[in-house]
Amino acid sequence: MVSESHHEALAAPPATTVAAALPSNVTEPAAPGGGGGKEDAFSNLKKKFMNELNKIPLPPWALIAIAIVAVLLILTCCFCLCKKCLFKKKNKKKGKEKGGKNAINMKDVKDLGKTMKDQALKDDDAETGLTDGEEKEEPKEVEKLGKIQYSLDYDFQNNQLLVGIIQAAELPALDMGGTSDPYVKVFLLPDKKKKYETKVHRKTLNPVFNEQFTFKVPYSELGGKTLVMAVYDFDRFSKHDIIGEYKVAMNTVDFGHVTEEWRDLQSAEKEEQEKLGDICFSLRYVPTAGKLTVVILEAKNLKKMDVGGLSDPYVKIHLMQNGKRLKKKKTTIKKNTLNPYYNESFSFEVPFEQIQKVQIVVTVLDYDKIGKNDAIGKVFVGYNSTGAELRHWSDMLANPRRPIAQWHTLQPEEEVDAMLAVKK
């Protein structure tokens, strides 16, 4: 006992001495486990997670596989998003670069074009000496209308000008099929009284005519005239289109020999359709009797043909088939009027089987005591007719034994003759 107490007594002072020897600002090291709060929390979460994981009724390898798949899906989504963003940025950058180089605002284009045009005009004006009030004419491209070959000769013995229309070539195509139906009108200016025209050649751009026309003109008067050769495209359903024309001043031609030459067609001046007047007549057909009755009722606003500003009109009626005149009738002459009233009836025998093959041609003429009676205008109904004329003929056939009256606009004689010459 004594020895133990003595032992304790001996051991105590050194402990006190050690404690006193430590500096006052030194902290005593923490006991193990006292400063590991974070590690404990992580351990607890880990234990809970493992406990929850153990509760899932799946083997560990299955859970690992699911985790790997989930990670792969997440990585794939991230990759796609990144790629899409990069692609958009690339396109945007490319678009900006392209826009900066090529895409120009329309307003900028207009302004730039206007500025450049104004500057160019100023430069041109400065070079040519044009003022602001003057305009510089731009050179127009010459339109190719084809060419025509013709011949000219003069018969001094009979005082006749002989005009030959030989052929045309390289005409422009005016029809939808890539061709034209050309014919040529020939007349002398300034009177335009006597007009000729060639036959219509179907579906060709290089027609060969080989036709000759004669004008009775004294040589002393020939020098003041101009020959016009106008090439037209025939159209059954509308006005004929002019392709081009060529004019020859007679005072420039040497009639000491026959002239034959090719010349390029030139653009023709558009002339307004001359108003020739209107005529009213009725048609009546009786199929059982084979009788066709035409009643010429009246005409109005006829073209002035005489010097006094009037005319002496009368009407000719022709029954035609296949270009041949089968019968001819005519009205009385009405003196000094442009609005004659006739009310004259004419009958023709036409069998029922022939009624669809015939034509009634109505021509209004101006009577002249001295010279030839000039045609004012013309119209025809029946086979190969069109428009109002075809409608009138159809109405007559649809209403047998009943007279059908209708007004018709007179057409130039040469145009109607051209239509009559066309065979279907």
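Glycine is no exception: its Cβ is also placed from the backbone N, Cα and C atoms.
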Record feature N-linked glycosylation site (Swiss-Prot), assigned residue among Asn25, Asn343: Asn25
Among Asp175, Asp191 - the residue Swiss-Prot places in the same Ca(2+) 1 site as Asp181, Asp233, Phe234, Asp235: Asp175
Env. residues of Ca(2+) 5 site, Cβ within 8 Å of mean position of Asp306, Asp366, Asp368, Asp374 Cβ: Met305, Ser311, Asp312, Leu365, Tyr367, Gly371, Asn373
Spatial neighbour of Asp312 (Ca(2+) 4 binding site) that is closest, considering only the binding-site residues Asp306, Asp366, Asp374 and their CA atoms: Asp366
Binding-site residues (Asp306, Asp374), the one with most neighbouring Cβ atoms at 10 Å: Asp374
Overall pLDDT for the region 'Phospholipid binding' (138-384), taken as the rounded mean: 89
DSSP state at Asp374 (Ca(2+) 5 binding site), helix/strand/coil: strand
Local Cβ density at Asp368 (Ca(2+) 5 binding site) - other Cβ atoms counted within 10 Å: 13
DSSP helix/strand/coil residue counts for the domain 'C2 2' (275-408): 15 helix, 67 strand, 52 coil
